[in-house]
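Following: one structure in structure tokens, then a few remarks.
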Amino acid sequence: MTDLWMVIFGGDGGRISANFTWWNVGVASTFILVNVVISVMMQLKLEIPLIISSVRCILQLSVMGLILQDVFEAKSPYYVAFLTAVLILLSTYETVYDKADQAWSGMFMSVLVNTAFSTLFIGIVGTRYAMREQNFWLPEVFIPSIGLLLGITASSMAVSLNACLSELTSNQSRIETYLSFGATRFEASRSIAIDAVRLAMLPTINRMSIVGLITIPGTMTGQILGGAPIWNAVRYQEIISFMITASSGIAVLGVVASCLHAVIDTKHRLRTERVKEVQIPILHGLKKWSERKFNHTKEKLADMRSRSTSDERRPLLSSN
């Protein structure tokens with residue numbers, strides 16, 4: 001039986017030791033065809049998004065691999081700080097312009113501040129004391145940890161923001177009734193804040209409750225496949241799970257408070273007009289520019305038609 005496992009997995013002790021090539025990635029990419037077939041059969045219209053997401057996955061991970069290789073070799077805290085800042089900015093952009101359905105003016109800065117504070121605070125403290133790294137900024141430890149924190153924290157913030165903004169706009173009459181009877185903005189929005197934070201935190205809590213029992217986390221799996229001792233991988237996963245939960249909780253609480261502060265002003269008035277549909281700045285600018293060009297072209301064509309019509313009528317008028 002042991003020989004069979006050795007034949008299947010290869011390497012020492014059955015551990016995967018192959019150097020993967022682009023051929024291996026190409027073979028694995030054919031698995032996407034399963035989802036494409038399902039989409040075609042059920043007319044889900046997800047074929048193009050699947051292909052685009054697959055290409056993005058390959059490109060983004062390849063670029064990340066090239067960057068991480070140089071950063072890991074340099075072992076410079078300045079490179080680590082720069083890469084961390086870029087990751088935080090990208091995570092904020094993803095949360096505000098891709099995962100959120102609605103937004104208010106200044107939401108990007110609010111999400112950016114809460115993302116940076118929660119992930120950096122928990123990441124630095126966790127790496128320094130929980131993982132006992134004297135130099136917490138070591139790239140091979142700090143950057144993967146920050147990446148894991150950002151991934152879950154961004155999703156949690158998006159859930160809380162969507163829930164909070166949706167409740168504020170859909171329950172406008174109820175909130176205004178509370179405010180009209182003398183309730184403060186904190187009292188009127190307390191139930192909304194509780195529901196939004198609870199909804200955002202439940203996936204993280206559920207993830208911790210099933211880890212190791214039903215699922216093996218990707219972080220732990222990657223370390224085991226990479227040859228790390230089993231117990232070291234287990235403890236690292238436990239540390240990361242607790243760090244993710246804390247980071248998500250801090251960030252979610254911060255963005256929900258910012259949301260309520262922005263939509264219900266200091267005079268305890270509900271300002272739902274501040275909530276707008278999410279518009280990506282670049283695409284919104286291109287849309288406005290194209291609309292102006294289209295309207296300008298339309299006006300020129302209309303003017304040309306009116307001139308041609310007047311030119312056709314002029315001989316008739318002159319003959320009379």
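Note that Cβ sites are derived from N, Cα and C of the backbone, with glycine treated the same way.
What TrEMBL says about a protein is an automatic prediction, not a curated fact.
Annotated features, as they stand in TrEMBL:
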- 20-38: transmembrane segment (TRANSMEM)
- 50-72: transmembrane segment (TRANSMEM)
- 78-96: transmembrane segment (TRANSMEM)
- 108-130: transmembrane segment (TRANSMEM)
- 142-165: transmembrane segment (TRANSMEM)
- 210-233: transmembrane segment (TRANSMEM)
- 239-264: transmembrane segment (TRANSMEM)
- 300-320: region 'Disordered' (REGION)
Cβ under 8 Å to the transmembrane segment (239-264), counting only same-chain residues 6 or more beyond its ends: which ones?
104-107, 110-111, 113-115, 117-119, 121-123, 126, 130-131, 145, 148-149, 152-153, 156-157, 160-161, 164-165, 168, 175, 179, 185-186, 188-189, 192-193, 196-197, 200-201, 204-205, 207-208, 211, 217, 219, 270-272, 274-275
Out of 20-38, 78-96, 210-233, what stretch is closest in contact terms to the transmembrane segment (142-165), meaning most Cβ pairs under 8 angstroms?
78-96
Take the transmembrane segment (50-72) and find every residue of the same chain, 6 or more past its ends, with a Cβ under 8 Å from one of its Cβ atoms.
25, 29, 32, 35-36, 39, 79-80, 83, 139-140, 143
